[in-house]
């Protein structure tokens, strides 16, 4: 049987071509689209098909297909949903993962689409129930049980005391108040997630207008809200403890079974060890793991055989009374990680190249041979862009070389000169969006010794602890450095050999030649980078096979200096060579060599001519990020993937790993135990070792340790980020309870979203005014080697020291004190004119002298005076408390016994009177507003207002 998109049900035509969610309900055995406004609303008597399309970074689409079966749906409707899902998968390209979802036993992946929960309603299409925007029925008191740390399974239970227990979270929804009952054995994370359901119920069924109360199991009648809660159940009575039979009910050992679907029947396959070789490409198999069942469909199977295998899986579950089990269907070559993990050893999956014109590799060819329409299966492949560092490049850098148990601070002129046999520690402080940020890292040369590496880790950890874990920490290996490292150093040279005593001892013991770089000796450098703020000179073996047509090189021996330009290089590459010559051989002239026109002397220095590469050294591209919660128990690391993650998934009590293949981030919550916090780097290394996503991760992959409240932008870019959430104190449950009760979401001016990629620095600035720590002149000027440092000193006096140049554009900030008149243009142009005059004086063809002074124009001086007077006037304006809600300080604190009602808990200070505000903060409101947001939050925290 063959189909194409035009042969499938009209409701499926054109679907799966853009990122997002599409839902259909089965009505009279036909799929009917569900409007977007009703996504997440399910009826117990119906069956649904859900398609999640995800746009991947490699330019392709990933499709996940789910068919959801309500507990009261008919068997015919359930079968229709299963068959239609197989047909839709074939029409989409035959590589989607298909999930059978049963009410109450949904996969976490499905629940992640409909956050915070799915709350199925009684009835269905056969009963006349339709998807409507608002349920207009009278409110009925309902009791729900909530389970889950990362996503929440919600189930309605009878409104009786016997439904309650000590292990779970319960939500009692009454007409005027919502109660959350926290079982004494439930964990903080479950309680926090259940509060998201409380917020959903409040917004959906109460229009956001009702009280919320939290009841702790065991507090009895001492608490007013607890007394009110138990009164609804007819009074308090102790809850029974879970029996031992209930505790052990789910501990039955399941035996994994493999069955082959052959000519309409299932045949058991016996095995001692589950191996990949048991699966044949022209057959379908059922892998029964108890709680879930997998259907594996070989690429050589027909659509009819795949349908038959799907029906056989459904029938097997019915016959064995296992209707609640999940069924996951995978196609050969597109298996899930969980399916692969069931086997003793799974071979690397070949990288199927996908084409928007011809379909998806071999799978598309197979489908075309069966008459399937595979056009338009891919979006246009994106152009490769230089990765953005998302870090301010103008901060303060310090570098130490590790030598045994100690470290030596390098001078500013030597801190960018690293040796491959040594280990280094660097500390970089820079201005972040809300406060000063810090990155502490280690860099291990390829030939560094274990003794120095161990010492570097220990010394860096002490620095990290001394910073009270408020910095980010990095572990980097030579050859695997992230973009942030290069833009921090800007102009970097990596030399052969090493200077540490550990390295010297190592080569002495092993009888190895010491190839440590000598300025007057023979050396060859490969030049690479993307610009003046990101350029490196890497010393390589001084032989012709080290050359590459895609790069430029510097070769020197004594007073002889050559530059070699490959045929595939650009003008930028040539510019980088000139810049690196200023560092490596600043006082010697160089002789240029073009590829194919080299002199004999050049080849003689390299030991003769031989073949070399012309392909640029490949770099791994960042993959789509995956977030995992981590538990380290007795040196055993257990992880769980969080699907479609958001910032709210980062719980203060837990450690998470964000894996984007090129980098690994370990996020540590504020409430994590101190001992576990110190093992964050170990967790990252164990994650790389286990390679949970089977990505063939290198052990040298960069690892960043990120602490809650001090997240750098190169981490937050993976989220829709709200800094105020990470700056709140208390457990994840306490924070969410404050938000739910206060009715406000904490935020700063605006949440920080993923920063759009721009090349270079702020695009809105004139390039002639840009500068970096490593640049003593404008990149647009003609370069003259050996220029006197006097020019730099004088020119810098005219540049604005407060101007920041970011590797990515800074967030827009409103002016606190806008001027009504005047312009900044005269001030800027006058300073730039002076700098240009100095430039021409030093670089022009005629001899000039430096002016003794440069006067500021009257227009600029007037503008400065206007700005100063405007600020002064704003700060001295009297403050008016009229038309404002005012509460005394004692009722506004986070620890108040009588908290003020209906306030924005993220802006408690605005409810203080002007007099009390000045008394507590020691300044006026206007002065307070003029402070950076991070400083405001610190002052508020000190006063228990945050």
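Cβ coordinates are placed from backbone N, Cα and C, and glycine is handled just like the others.
Residues annotated as repeat 'Gelsolin-like 1' in Swiss-Prot: 28-109. Across the range of the repeat 'Gelsolin-like 1' (28-109), the DSSP-based residue counts are 23 helix, 29 strand, 30 coil.
Per DSSP, the secondary structure of the repeat 'Gelsolin-like 2' (152-219) breaks down as 21 helix, 22 strand, 25 coil. According to Swiss-Prot, the feature repeat 'Gelsolin-like 2' maps to 152-219.
Per Swiss-Prot, the feature repeat 'Gelsolin-like 3' maps to 274-339. If you take every residue in the repeat 'Gelsolin-like 3' (274-339) and average the pLDDT, you get 91.
Positions annotated as repeat 'Gelsolin-like 4' by Swiss-Prot: 641-715.
Swiss-Prot lists 744-783 (among others) with the feature region 'Disordered'.
Among the features that Swiss-Prot reports, compositional bias 'Polar residues' is placed at 765-777.
Feature annotation from Swiss-Prot assigns region 'Disordered' to 846-902 (among others).
Marked as compositional bias 'Acidic residues' by Swiss-Prot: 874-883.
Annotation comment: Swiss-Prot describes 881-946 as domain 'HP'. Mapped onto DSSP helix, strand and coil, the domain 'HP' (881-946) counts 31 helix, 0 strand, 35 coil.
The DSSP breakdown of the repeat 'Gelsolin-like 4' (641-715) into helical (H, G, I), extended (E, B) and coil residues amounts to 21 helix, 17 strand, 37 coil. The DSSP breakdown of the repeat 'Gelsolin-like 3' (274-339), given as helix, strand and coil counts, is 23 helix, 17 strand, 26 coil.
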